[in-house]
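Copied over from TrEMBL:
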- 46-63: transmembrane segment (TRANSMEM)
- 234: active site, proton donor (ACT_SITE)
- 367: active site (ACT_SITE)
- 431-460: disulfide bond (DISULFID)
- 474: active site, proton donor (ACT_SITE)
- 502: active site (ACT_SITE)
- 591: Ca(2+) binding site (BINDING)
């Protein structure tokens with residue numbers, strides 16, 4: 001978004017029941033302003049006058065200094081009637097001003113740190129409002145959004161990243177994950193997971209100093225020659241994908257060499273009777289095995305490693321990487337046990353058959369199977385018709401079996417099927433789907449995919465704003481019966497937020513393709529709520545246990561690597577108006593948000609590899 005030529009004024013647009021857009025001409029003001037004002041209720045007119053008074057005060061620098069991290073989110077939730085919005089929002093308003101002292105940053109301390117550190121934070125002071133708009137929607141709601149210059153939105157994401165990076169650098173450098181509250185770290189694989197996941201994010205955000213520090217660690221400290229069990233899927237999408245992406249963005253052969261090393265060490269996972277890979281690999285010993293409790297792998301894991309290994313084959317001209325993952329897709333394509341293109345969650349590594357059949361979900365253990373059907377088709381130049389057919393059939397299966405509307409407000413959501421019974425349960429993970437549908441429509445798939453994407457995007461946004469903290473829980477259940485007073489219920493065990501990226505990811509796709517600024521507004525709200533409820537003053541952000549309790553959201557003391565690898569990267573891309581910043585006609589993102597190039601037409605895919 002670009003700032004207006006002058007930034008020392010406030011423009012107001014009023015839209016009544018008839019809708020319409022703002023027109024600041026003299027003729028419009030004479031003919032319409034008084035009439036529209038008289039159409040408003042007394043309560044609405046009073047509220048607007050109060051808001052104008054507040055905004056007048058806010059124009060003074062002494063007051064706006066305190067607005068540095070604010071958004072108009074509380075005003076956007078101010079209820080003017082009992083129509084349209086669920087009552088849970090009113091409860092949220094009463095609580096959202098409070099948050100855990102453990103999590104919220106010390107504003108004065110941060111201000112001092114910014115003066116000392118300088119760099120990109122120096123002019124992130126919101127010393128005036130560039131534009132303030134009030135929309136009267138169906139005469140029921142007032143929404144208030146600050147239209148900040150694009151540069152400031154991007155700087156806010158950079159600031160969030162640098163705050164996260166400070167915590168990681170101070171307390172977890174070279175380790176997998178930061179524990180920001182205890183100022184310590186946790187290990188998963190012992191391979192610097194957060195650092196590798198964040199490499200391309202730093203490059204995209206223009207944080208070259210931090211990138212060079214991380215690159216130096218990769219060059220001198222990162223080694224895969226150690227006896228450690230790693231998860232095939234997680235290592236592929238985070239480490240292999242991150243290294244390949246960073247190589248393409250920078251052209252530095254260091255990252256390709258490291259990608260070749262980890263890629264070759266992961267290959268023993270495919271040495272199974274069925275060629276369906278094991279879940280775990282010891283990258284030092286060259287052995288692989290299933291989990292201790294089962295011989296199954298999850299369908300999402302074995303079908304969401306293809307983009308990375310296919311690209312490794314293209315770069316190395318070694319076809320066995322691509323051949324191994326292509327065999328998995330071929331077998332899954334022809335298996336029985338699907339429901340209108342929807343797959344079960346588990347597959348046996350001995351016989352190659354689906355297990356635990358009868359459960360169909362777009363959430364955990366199945367989600368990225370559908371994502372990678374489309375993205376492999378795009379990556380390969382839209383030539384692999386089997387992948388496209390499976391994707392289109394699956395989307396029709398979603399429409400037929402999993403799509404429903406909630407009560408009372410008719411939110412479109414994706415539920416689950418368990419042994420013939422529909423469950424109105426939806427994981428936050430499913431919020432990848434609006435972005436995937438939009439990407440497909442952008443690449444020539446049916447236009448109604450974009451229509452569905454917009455409906456589901458609204459639902460995913462509601463999963464945030466209907467919570468008292470403005471942050472989505474991990475799982476929600478939608479009400480479908482007549483007489484419901486709220487659309488969304490959340491069980492006690494599902495109220496955690498892990499700083500997940502899926503909603504922000506889809507907001508990025510929807511904004512990139514539609515240029516509808518409401519998607520940026522929604523992302524800005526989410527970023528502000530991350531700052532309010534999950535930011536830790538000493539550095540980093542933390543997962544929380546309870547999105548329904550703004551007074552004490554119960555921090556978990558863990559910052560997942562995907563917060564830097566995905567969430568903040570997609571947030572930055574969402575706020576950028578440059579369509580060439582990771583062009584979606586040149587790159588396809590893996591499921592960990594690492595962009596890989598769409599293959600040039602000079603490359604031809606075969607059953608055994610990629611040929612020039």
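Just so you know, glycine gets a Cβ as well, placed from its N, Cα and C.
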Smallest Cα-Cα separation from residue 502 (active site) among the recorded positions 234, 367, 431, 460, 591 is shown by 431
Rounding to whole Å, the Cα atoms of residue 591 (Ca(2+) binding site) and residue 431 (disulfide bond) are apart by 13
Spatial separation of residue 234 (active site, proton donor) from residue 431 (disulfide bond) - C-alpha basis, Å = 19
May I ask which of the recorded positions 234, 367, 460 is closest to residue 474 (active site, proton donor) if we compare their C-alpha atoms?
-> 460
Out of the active-site residues 234, 367, the residue with the smallest number of other Cβ atoms within 10 Å is 234
Rounded to the nearest Å, what's the C-alpha distance separating residue 460 (disulfide bond) and residue 367 (active site)? Just drop the number here, would you?
-> 15
Whole-Å Cα distance, residue 367 (active site) to residue 234 (active site, proton donor), is 14
Tell me, how many other CB atoms lie within 10 A of the CB of residue 431 (disulfide bond), whichever protein chain they belong to?
-> 29
Provide the number of Cβ atoms within 10 Å of the Cβ of residue 474 (active site, proton donor), excluding the reference atom itself.
-> 20
Residue 460 (disulfide bond), number of other Cβ atoms within 10 Å = 27
